[in-house]
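K.L.:
Quick one: the structure is below, questions incoming.
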């Protein structure tokens with residue numbers, strides 16, 4: 001689960017003193033090989049003492065980061081892709097020579113789909129392992145659980161999931177989209193393209209779908225002329241019987257079904273929709289919760305025709321993405337699919353590397369400050385930039401689900417959308 | 001909310017809503033039958049019931065893959081083969097579980113709760129390691145998809161009809177087995193008085209093993225059928241376990257008729273409420289109803305009269 005820790009962090013702190021006393025210490029069995037040949041490390045990288053003033057796990061040759069996702073429990077289905085993407089990014093960065101001349105080593109901990117456990121492991125990564133950055137979390141609940149830990153021990157978290165917004169922290173970089181980025185462009189598109197006037201909002205019953213639908217409702221009622229919400233409903237997580245709401249949809253005949261259903265419920269919902277004879281090529285359905293990962297379980301033939309609105313699809317046609325998809329499949333197998341969050345997780349290590357190099361330091365405070373304005377032109381989704389509010393500028397795209405489980409991109413915003421985690425007029 | 005609709009529209013919607021309730025009823029009965037046998041008849045609190053279902057679902061998935069790749073001409077009927085295989089696989093796993101674990105715990109029914117909960121966690125992680133953490137999509141033969149149009153508005157879902165038919169068939173088979181066969185008589189005898197049943201020459205260990213196996217096998221068939229309506233992943237079994245226990249406990253644990261009556265009550269209440277309220281509120285009201293009735297009638301809806 002974890003890479004070896006040789007206690008080199010303590011070593012580097014005292015290394016300078018040891019070097020000074022080297023003449024007086026002819027036999028130096030205590031020194032590691034790196035300390036015996038310091039010139040090699042210094043030739044390509046700045047001194048550890050200069051780039052690491054707060055005692056993080058940085059040595060002359062490597063730097064330790066943490067990966068904190070659930071690989072067991074209910075969330076493993078979603079978080080596995082993120083772990084794979086982060087490992088791929090770390091591999092690629094190491095192949096290019098690492099960060100400030102240091103190879104990235106990672107310590108992986110399992111959040112086990114249990115929020116208090118996430119907080120526990122986050123503390124371990126920060127306090128025991130002294131990780132210079134942590135890539136992890138997936139659900140908002142897990143992020144909320146670790147946030148106080150990261151703020152107390154001054155760590156840096158790169159969080160990959162699209163989420164409800166209403167949060168901003170010096171210690172977190174949000175590499176997924178916040179709610180307004182994902183929702184507004186999609187609603188405008190469906191109004192423009194499909195002439196949609198009436199919307200039926202559905203969601204699983206927890207914070208992300210509820211906040212997102214609230215933003216959607218405000219936008220529909222206040223900013224889209226002549227449009228209205230004809231129904232809004234929530235279902236407990238794990239709900240598997242949607243026949244009643246499908247009947248209601250048949251009765252109200254909305255122009256658009258706006259669905260934010262997650263997990264196993266998703267599968268039941270789309271299967272029953274299809275069985276009930278609702279043809280998604282005629283009935284417009286827009287979702288913000290279905291990526292290529294979910295379609296694996298739903299089955300392409302059950303969801304073909306539905307529209308999904310997010311920032312990344314595996315089928316994106318650009319050279320960055322082609323390289324990324326090829327590298328991902330080479331590392332994790334031909335049959336793996338790459339969803340929006342997986343791509344966002346891939347951005348984490350790269351953004352961190354770029355930030356560290358801009359700051360010229362691994363110190364958390366300097367990284368937090370240097371993050372604003374970091375640009376990553378090689379991102380698979382295309383050029384992205386970190387906003388001063390620690391979210392990403394990104395484009396929003398609409399994809400139509402195909403029989404083979406991929407999306408066909410039918411719309412892309414012309415410009416990057418500004419992240420706005422505290423939207424005025426939407427609360 | 002109904003002022004905008006014509007009478008014809010309303011009546012057809014109520015027809016479809018009634019049908020939705022019947023589908024939910026069939027699903028509940030199918031989920032609960034296996035547990036009614038294990039919990040009701042044997043007194044084992046089987047928390048791993050959902051995982052036995054999911055084993056059946058995975059067997060269905062692999063059967064569908066096998067037919068797709070090797071026998072595409074017979075794909076239309078693979079589901080029947082899959083259900084039989086699911087019954088055998090879950091039944092076999094159930095008998096193995098009984099032999100390794102449950103039989104040591106008959107005198108400590110509460111401990112079966114902990115043991116089977118542990119088993120459910122183990123099985124989930126085994127599925128995750130062996131079959132992968134991602135959910136799999138089971139492809140259905142064409143004839144099982146879509147719906148039959150009865151009128152312009154009223155449509156009847158084919159897989160709903162299929163689940164209903166399957167539920168009736170299995171319920172009838174179980175009823176015959178339990179109440180009309182000599183084996184069923186032995187099962188009931190063991191349930192009522194294990195020592196006495198042993199004294200009159202019934203091999204109680206064997207009866208226990210087959211009863212447990214039968215319950216798990218039915219769970220496997222249910223899991224197989226649920227690939228049509230729900231998800232198939234390592235933890236999907238968790239989606240069903242609460243509803244399953246609810247139905248069995250509410251019905252009165254020892255009575256098959258009670259299980260059916262309770263499935264009917266809960267499903268109709270839930271599906272009607274869901275139509276008028278939102279999904280979460282419907283669930284809350286249904287649960288409150290169940291709690292109130294169980295407070296007034298702790299033994300459940302139906303009870304077998306036994307001298308204690």
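FYI, residue positions are counted from 1 along the chain as it appears here.
Cβ atoms are placed via backbone N, Cα and C, with glycine included.
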K.L.:
Which one of B:158-179, B:180-201 shows up in TrEMBL as transmembrane segment?
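P.N.:
Matching range for transmembrane segment: B:158-179.
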K.L.:
May I ask for the residues of the chain that lie six or more residues beyond the transmembrane segment (B:77-97) and have a Cβ under 8 Å from a Cβ within it?
P.N.:
48, 52-53, 55-57, 59-60, 63-64, 66-67, 71, 119, 140-141, 144, 166, 209-210, 212-221, 223-225
K.L.:
Under an 8 Å Cβ to Cβ limit, what residues of the same chain, 6 or more beyond the ends of the transmembrane segment (B:52-71), are close to it?
P.N.:
31, 34, 78-79, 81-83, 85-87, 89-90, 93-94, 123, 127, 131, 136, 138-139, 216, 219-224, 226-227, 232-234, 236-237, 240
K.L.:
Considering pairs 6 or more residues apart, do the transmembrane segment (B:158-179) and the transmembrane segment (B:275-296) have at least three CB pairs under 8 Å?
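P.N.:
No, these stretches are not in contact.
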K.L.:
Any residues 6+ beyond the ends of the transmembrane segment (B:12-40) with a Cβ under 8 Å from its own?
P.N.:
5, 46, 49, 52-53, 151, 153-157, 160, 163-164, 166-167, 170-171, 174, 178, 211-212, 214-219, 221-222, 225-226, 229, 240, 243-245, 247-248, 251, 253-256, 259-260, 262-264, 266-268, 270-272, 275
K.L.:
With a Cβ cut-off under 8 Å, give me the same-chain residues at least six positions beyond the ends of the transmembrane segment (B:109-127) that come close to it.
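P.N.:
Hits for the transmembrane segment (B:109-127): 43-48, 50-51, 54-55, 58, 97, 101-102, 233-235, 237.
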